[in-house]
Amino acid sequence: MNPPLHSSETPLVGVVMGSDSDWRVMSDASQALTDLDIPHEVEVVSAHRTPDKLLRYGREARARGLQVIIAGAGGAAHLPGMLASVTALPVIGVPVQLATLDGLDSLLSIVQMPAGVPVATVSINGAKNAGLLAARILGAADARYGDAIEAYARTLEAQVEEKNRRLKDSL
Ligand code: RP5
């Protein structure tokens, strides 16, 4: 499945990825944002293959109204860090697992940022949590999103309790 086209609403979150091949993972971030009614956009931006686009995207993101960037990449995953170096927005990095090295290469490329240029790195293939973290960042200033995260937490709680009940009923 390919990334969808831009949403028509003004996006608050930019979900970017180094290749369309990352969409199999990064779609989880988009889905989490959709589930919480958070307007977002999806874009393929490659640190190595489209460097001019990367710089433009990062430099213009804030002025366009984005509040958070989620950036996923695999292998020599320089996209999140390079974006963080040209924008003041919070950047959440998603290490995408490729066929080799179990995603450790992606994780280390993203997490080991030099002091002064932070990237909030989630787990390997942790795109869903990246979407939820972006929602929490928005929720700090906008109660709608904070409330949505609290409601989501209650859903998780109810699901665990339901499974607990079923497990005990099966004994
Ligand atoms: C990275 O190279 C991308 O983020 C992707 O994870 C990886 C492979 O890209 P493709 O060769 O599949 O386009 O920059």
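Cβ coordinates come from backbone N, Cα and C, glycine included.
As recorded in TrEMBL:
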BINDING   SER19, ASP22, ARG49  substrate binding site
DOMAIN    11-160  domain 'PurE'
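Here the features listed in TrEMBL are painted onto the structure.
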{"residue": "SER19", "record": "substrate binding site", "Cβ within 10 Å": "17"}
{"residue": "ASP22", "record": "substrate binding site", "Cβ within 10 Å": "26"}
{"residue": "ARG49", "record": "substrate binding site", "Cβ within 10 Å": "11"}
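In terms of DSSP helix, strand and coil, the domain 'PurE' (11-160) has 77 helix, 25 strand, 48 coil. A Cβ within 8 Å of the Cβ centre of SER19, ASP22, ARG49, the residues given for substrate, is found for these other residues of the same chain: MET17, GLY18, ASP20, SER21, VAL44, SER46, ALA73, GLY74.
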